[in-house]
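Student: Structure incoming, see below.
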């Protein structure tokens with residue numbers, strides 16, 4: 001309840017923060033990291049899906065024993081998912097969080 | 001309690017209704033292990049319920065769970081009966097195509113990790129609608145978000161309840177009989193109890209326990225299966241394929257056994273990968289941790305656990321194809337969904353079957369509880385408090401309404417589950433994902449990342465995505481008009497004997513997801529509404545965590 005809908009003055013600190021160069025930098029840093037990564041994993045996932053439906057012969061070809069290209073690429077989807085998870089978490093913990101927290105402290109008060 | 005009370009009658013009713021040959025394992029053992037789980041979790045729920053007065057306690061477990069605890073609970077929530085029973089079954093029957101399901105379900109978590117979890121945790125309070133309506137007009141957006149929450153949760157619930165019925169069909173050898181319905185009723189009542197008394201804290205603990213049991217159970221079976229094939233995946237794949245072909249089936253390693261139509265599969269893939277981050281019961285879990293950093297940690301844990309689990313199901317599915325055989329699985333009372341339990345029986349006899357079945361029941365119970373608390377929170381917090389009471393309801397009133405809502409929703413789920421018996425559960429879940437991806441995800445992303453986004457955009461996107469997804473499902477082959485399966489003698493469609501389908505695909509995603517995004521865009525650019533102050537508050541809060549809800553202290 002406490003923070004649900006407080007009255008806002010026109011020139012409130014949030015707008016000032018949003019317009020500040022530091023915040024602008026934080027936002028673009030976040031987006032520059034997260035958006036390309038999202039595009040990358042989605043492209044790689046849909047490439048895999050498209051191969052599975054349009055290149056069935058290739059995906060069904062046995063490579064190592066009975067392990068097919070389809071299974072190998074599928075397992076690589078697992079590998080890439082785990083990798084992106086670790087890379088992002090590391091970046092967010094080390095690079096993003098300290099900067100975000102610094103700005104939050106600057107906003108102060110309200111905790 | 002009711003599980004114990006009804007157990008003896010089920011045991012005696014089983015053999016008399018169906019011939020003993022269809023019963024697998026010892027029903028007394030199955031029920032005994034399940035009853036043990038119920039007793040333990042009920043004790044935990046009752047302990048957890050002591051502190052459930054405030055809304056933050058009831059809806060968000062006081063935001064006091066750690067990232068690791070929440071990550072395990074998310075895995076418990078996500079690894080539903082559809083994942084365990086449905087995917088293992090799909091792999092056993094359709095090989096490679098079944099495996100494709102699990103990849104979509106896993107990769108989808110990256111959308112949640114990178115784009116949604118942390119920002120949503122910072123902005124919201126209890127429900128998905130908190131985020132969507134933050135900088136828009138409260139009433140209309142909350143109503144829309146609540147409706148979509150209810151629809152997605154309901155599809156998901158149906159899938160779980162159908163799974164419960166199918167499972168008991170297998171274990172007790174009762175086909176289409178009173179017993180199956182009785183089990184759905186028992187599951188429903190237990191779930192209502194967990195939710196009403198345990199709130200989010202109790203539900204979370206049930207999910208944590210269940211996730212641990214499920215992952216350990218699947219791990220044991222995986223090692224066991226691999227052991228039978230000399231720890232050689234290639235041998236397992238080869239033997240499973242040979243077994244399938246000997247029985248007149250196809251090469252399980254070839255793509256295209258389940259999805260004949262390429263467009264249909266692309267459509268499904270879109271729904272799977274974009275749906276997770278729009279599932280309200282998944283989103284709500286992010287509010288149970290104190291900070292966005294812990295929300296991130298939750299997703300990291302969840303991705304590892306879910307990924308490893310899906311690797312297990314790959315082995316289990318092919319193991320079932322070889323050791324049990326497609327024909328026996330299809331003809332079992334639970335159909336495709338019974339592959340994993342049948343494999344457990346093949347490996348470890350009655351005891352392992354009992355354990356795995358109890359775990360599967362527990363899975364259903366935990367997921368259903370999570371869905372119910374989400375739907376009831378949305379009814380109470382979004383509809384009752386904001387729309388009916390104009391935000392003036394006290395937290396006590398809200399929690400009371402949420403409990404009543406849980407009771408009503410539980411009753412609806414029981415009735416719906418009885419009707420959904422026999423449906424393929426992985427499939428019902430795929431539909432829930434399609435609606436989530438079409439109606440929820442566009443609005444969530446726009447609202448978090450697009451400055452210009454406004455109320456009209458949100459409404460068009462939610463209602464447009466929702467209505468198009470559901471309309472296409474109703475007129476798809478899922479509901480009517482599929483050719484009759486030679487093995488089971490029934491049409492795989494929901495309705496038998498009628499055909500009113502005109503949409504060619506099983507999954508509406510390829511149309512309804514782009515439509516949801518497009519309508520959100522058109523709605524936004526045709527309206528001039530823009531609330532600069534609220535947008536500033538939301539963006540600053542989402543990225544820095546300033547002003548975000550904090551954990552309650554007790």
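Each residue, glycine too, has its Cβ placed from N, Cα and C.
The signal peptide annotation in TrEMBL covers B:1-20. What TrEMBL records for B:30-49, B:70-93, B:99-120, B:141-172, B:178-196, B:208-227, B:265-287, B:299-321, B:351-380, B:425-448, B:460-480, B:500-522 (among others) is transmembrane segment.
In terms of burial and nearby residues, how do these features look in this structure?
Tutor: Outside the transmembrane segment (B:99-120) by six or more residues, the chain places 78, 83, 86-87, 90-91, 128, 131, 255, 259, 265, 268-269, 272-277, 282-283, 286, 292-293, 295-296, 298-300, 302-303, 306-307, 310, 313-314, 317, 426, 430, 441, 444-445, 448-449, 542-543 with a CB less than 8 A from a CB of the stretch.
Within its own chain, the transmembrane segment (B:351-380) has Cβ neighbours under 8 Å at 24-26, 29-30, 32-34, 36-38, 41, 59, 76-77, 79-81, 84-85, 126-129, 145-146, 149-150, 153-154, 156-157, 160-161, 163-164, 167, 171, 187-188, 190-192, 194-195, 198-200, 203, 206-207, 209-211, 213-214, 217, 220-221, 280-281, 284-285, 340-341, 344-345, 398-399, 401-403, 405-406, 409-410, 413, counting only residues six or more beyond its boundaries.
Within the chain carrying the transmembrane segment (B:425-448), a Cβ under 8 angstroms from the stretch's Cβ atoms is held by residues 80-83, 85-87, 89-90, 101, 111, 115-116, 119-120, 123, 128, 131-132, 134-136, 145, 148-149, 151-153, 155-156, 158-160, 162-163, 166, 268, 270-272, 274-280, 337, 457-458, 461-466, 468-470, 473, 478, 506-509, 512-513, 515-517, 520, 524, 542, all 6 or more beyond its ends.
Outside the transmembrane segment (B:460-480), and at least 6 residues removed from its termini, the chain residues within Cβ reach (under 8 Å) are 132, 141, 144-145, 147-148, 151, 427, 431, 434-435, 437-440, 442-443, 446, 493-495, 498-509, 511-513, 515-517, 519-520, 522-523.
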Student: Among the recorded stretches B:70-93, B:141-172, B:265-287, B:500-522, which has the greatest number of Cβ pairs closer than 8 Å to the transmembrane segment (B:299-321)?
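Tutor: Between the candidates B:70-93, B:141-172, B:265-287, B:500-522, the best contact partner of the transmembrane segment (B:299-321) is B:70-93.
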Student: Please give the sequence-distant neighbours of the transmembrane segment (B:208-227): residues at least 6 beyond its ends with Cβ less than 8 Å from one of its Cβ atoms.
Tutor: 37, 40-41, 44, 69, 72-73, 75-76, 79, 84, 233, 236, 305, 308-309, 311-313, 315-316, 319, 323, 340, 343-344, 347-348, 352, 355-356, 359, 362-363, 365-366
Student: So which of B:70-93, B:141-172, B:500-522 is most in touch with the transmembrane segment (B:265-287), counting Cβ pairs under 8 Å?
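Tutor: Top-ranked stretch among B:70-93, B:141-172, B:500-522: B:500-522.
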Student: Which residues of the chain, 6 or more past the ends of the transmembrane segment (B:70-93), have a CB below 8 A from one of its CBs?
Tutor: 99, 101-102, 105, 156, 159-160, 163-164, 166-167, 204, 206-212, 214-215, 218, 257-258, 276, 281-282, 285-286, 288-289, 294-295, 297-302, 304-306, 309-310, 313-314, 316-318, 320-321, 324, 326, 329-330, 334-341, 343, 360, 363-364, 366-367, 370, 424-429
